[in-house]
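For reference, TrEMBL has these:
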{"type": "DOMAIN", "residues": "49-140", "note": "domain 'Ig-like'"}
{"type": "DOMAIN", "residues": "157-232", "note": "domain 'Ig-like'"}
{"type": "DOMAIN", "residues": "250-335", "note": "domain 'Ig-like'"}
{"type": "DOMAIN", "residues": "340-416", "note": "domain 'Ig-like'"}
{"type": "DOMAIN", "residues": "422-509", "note": "domain 'Ig-like'"}
{"type": "DOMAIN", "residues": "514-608", "note": "domain 'Ig-like'"}
{"type": "DOMAIN", "residues": "615-714", "note": "domain 'Fibronectin type-III'"}
{"type": "DOMAIN", "residues": "719-816", "note": "domain 'Fibronectin type-III'"}
Amino acid sequence: MAFSHVLSRDLSDLVGPESFTPVCLSVCLSVCLSVCLSDLVDDATGYGPVFEDQPVDTIYPEESPEAKITMSCRARANPPATYTWRLNSRNIDLDEDNHYTLVGGNLVISNPIKNKHIGKYTCKATNNYGTVVSREAAVQFGYLDFFSSEEREAVYVKEGTGAVLLCAPPPHYPDQLSFRWILNEFPVFIPLDKRRFISQTTGNLFISKVDSSDSGNYSCFVSSASIAKSVFSKFIPLVPLAERPIRKYPADIKVKFPDTFALVGQNITLECFALGNPIPQIRWRKMDGELPANHEVSMAGAHLQLYHVQYEDEGTYECEALNSKGKDWHRARVSVEAFPEWTESISSTERDISSDYTMSCEASGKPKPHVHWLKNGISYDKHDLKFSGLTFENSGMYQCRAENRHGVVYADAELRVIACAPTFEHNPVKRRILGAKNGRVVLECRPKAAPKASLSWSKGSELLFNSSRMLIWEDGSLEILNVTRADEGRYTCFAENDRGKANSTGFLSITEATKITLAPSNADVTAGESASMQCAASHDLTLDITFVWTMDGRSIDFDRDGSHYERNPNGGSSGELVIKNTQLNHSGRYTCTAQTPVDNVSASADLVVRGPPGPPGGVRVEEIRNKSVRLIWSRGADNHSPISKYTVQCRDSFSQEDWRDATTSPPDVEGNAEAAMVVDLFPWTEYEFRVIATNTLGTGDPSSPSPKVTTLEAVPVVAPSDIGGGGGTSKELTITWTPVQPQYYYGRNFGYIIAFKPHDVYEWMKVTVADPEAKHYVHKDSSIHASTEFQVKVKAFNIKGEGPYSLTAVIYSAQDGKLRSRISLLLMESPTLIIRGKTEKRTTDHCTLEASSQRVVVSSRENQTRLENMRPNSPYLIEVRAYNAAGYGPPSHHQIYTKKAPPSRPPKIISKKLKGTSVNIVWEHVEPLANESTIDGYKVLYRKAGLSTGILYTTGKRSIDLPMPKDGDCVVEVRAHSEGGDGAVAQVRISDPAPILYDCRLH
């Protein structure tokens, strides 16, 4: 800069008019040039201040043991910067206030005084090239006073009602506090759950439903992270008052989040909590769309946290509190604004003297930021800085400042206006330039000059001008087309401006052009096969040649993709490419480029890899009916072999893991189809579908599953089976059946209609059983005669109507205990076969044996009965005879052998582990004793603690996954099962760990 100033100044100003002589002129110029060269060296290495560290907002704790504040400021600059500070726009005089000390660029405030040293601070860094101003940083004094020493009044609340304990935090700065509550003594803090909530806005403690366990003394514990201080209030006694019965009341929202402003990128928390009995559930929603993907609900629903807020998260949010007695709701708006952010900024630059230049800044933000400029720390109220004919006075440090109510951002740049004679010192013309015969060559000429130099070229002593083969570009480069050996020679670039002249010379040599002699050919292969692409070229033997292969414009990485691509190892002028084990993604256009340091030439060919089709896309369902849907998809890649057919598969909610081929109409879906009717579906069943394409080369991968859909409801068509019953207590009729499987419910409100009548009565009696899993019905009627024959039939129903009846079965009502039986059955234990009162081991009187036998009397209407309390693994002789008033008829004999006893030892449960939403139970195999039956499997009863019934599972494995319990504890009973019956039982208890997941009671 000093050089340009000296040259632009009249020489008489330097030496005086009386001394201005021709002799002096040369001396002055010599002095001047030496000064300029020195300054040019300085200009090459010097630069204006650039901030590396700036002051930040600081909160100084009033009770801080370190009695000082340090405000940081450091700038990179050459020569080094000097620093000054301002407080509330007034310069700080370090000599007048001994609280201030400058350490480097940092401002240290010793023994700060609140009413004197709070405010907004800025730092200025200055050197020869200009001045920059730091961002503003506020200094505030932080404090958190103690709570009042006055006693807090006790709070009396009826059990079952809600309570609010007020925190009323003491005066403090800053506003951000965190709150907890102490119960009875420090450091016992109350745990938070769906019944208790602490607002982090007010500090108040809310209990939705008070019970006797809440009795105690409560203290509000307040912490300020900014000043690392905590205080707590006097204790507040909470006294629950017993009330019987406990009253229930609807949800009542007491913590309501306000209209909220959030900045883009911030995290915010919305609070909502309700009193109520039963304890209300909290639900959140966004009124004008879905909740943001980056949300989380915590604190049992009382907190909605929005992470990394964006503009699209703006809107009205609602929290709804509900229980069995009623509901309440609250809405408020979340508005999203933004801190200023640069969309177009400035950067340091050098510009020629007398040239035009515009500096421009643009910033986004909400509200829209106001942009203005500073030069060397002095404000310019302009949007853009436009310079027409730059002068040295325009040099300096410029700052662009964008501000809205949320903050300020700065962009800094140095503008340096330069003036100098042309020089090739740092960028001469290349000493040797190579050009390929018949090709194109460009000789660059880029001297440094300000103002811009005019450029010209010569070959030898011949001055060159634009022609059909030669063109001097605007930047001074010389382009020569269709070069030949005659173009070889020395080329010189001349540069000149009003400050001086310079030139630089290089030598152009012409080489033989590179030519493709063997170009790659198109290839067509099936996936898995190999393909090769030939490529050879001739070139100037004085130059090295390399071959580069690309596929669809992307360079092939032989190191990364070496399992499929390899080069021909022959090298030299051949660059053959081999593609091994081709895959579908290897299809494309392959280009071979033969290149030397001077030129390059390319040739291309196409590789087609054929294979099974790709997966169809966009599978979706339309026209949903009770037994059919219309499925639509878009064609996937045919992979160069036409699609011949599509296969539609489905899976339902009863077989989540098993995809099966669906029935379509028409049965065969042709390859040009993009839709099909799927038929023979179950009504009222959740399905998802996928589509698979096939061509002559195989079957492709399946599409992604469609969104889940549920078919429409329909009248049930399956009737219960195995209708039976009879017996029971006197005056009762017991009817049994096998329930319909859930996939045949076909609709909501599924149940059974039982029809029955005595065999000689015309009218049917009907009853409705609403439980879809019911297996029996007991009809009680004092007019029912014992052992009366009934006809029974059962049908299913749902919300759409009634299905068909089952086959009619014949059963009998319970017999009267006073009715005389007509069948006598004699059961005799027999260690060995008994024939005519004799055994192989001993002889015995038949009457003696009969006296020790068991008798069972059966109604004459029955032709079967059950024998109980028999010994295992033992032979028995069974006699059946009829009798009446006249006496006993002749017996029939039958020899049987009972099975071995079931296992006497229970399984040993060795593991109980949580697996997501289920629990895994593992037990050891039961080894039967010699006199016990072989194990066939295991029975697992999963029941509610305190109940005897539950869900029974049968498994051949030694482990089982069961759903976590829903609301209380469950008991798992495991026993071995054999042909001799069920063995001894082992038990394990499962406790409810957290949220409701499953009900282990029998449905």
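Note that Cβ sites are derived from N, Cα and C of the backbone, with glycine treated the same way.
Automatic prediction, not curation, is the source of TrEMBL annotations.
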Best-contacting stretch, by C-beta pairs under 8 Å, relative to the domain 'Ig-like' (49-140) and drawn from 250-335, 340-416, 514-608: 340-416
Across the domain 'Ig-like' (514-608), average pLDDT on the 0 to 100 scale: 89
Helix-strand-coil residue split for the domain 'Fibronectin type-III' (719-816), DSSP-based: 3 helix, 51 strand, 44 coil
Per-state residue totals over the domain 'Fibronectin type-III' (615-714) - DSSP helix, strand, coil: 0 helix, 48 strand, 52 coil
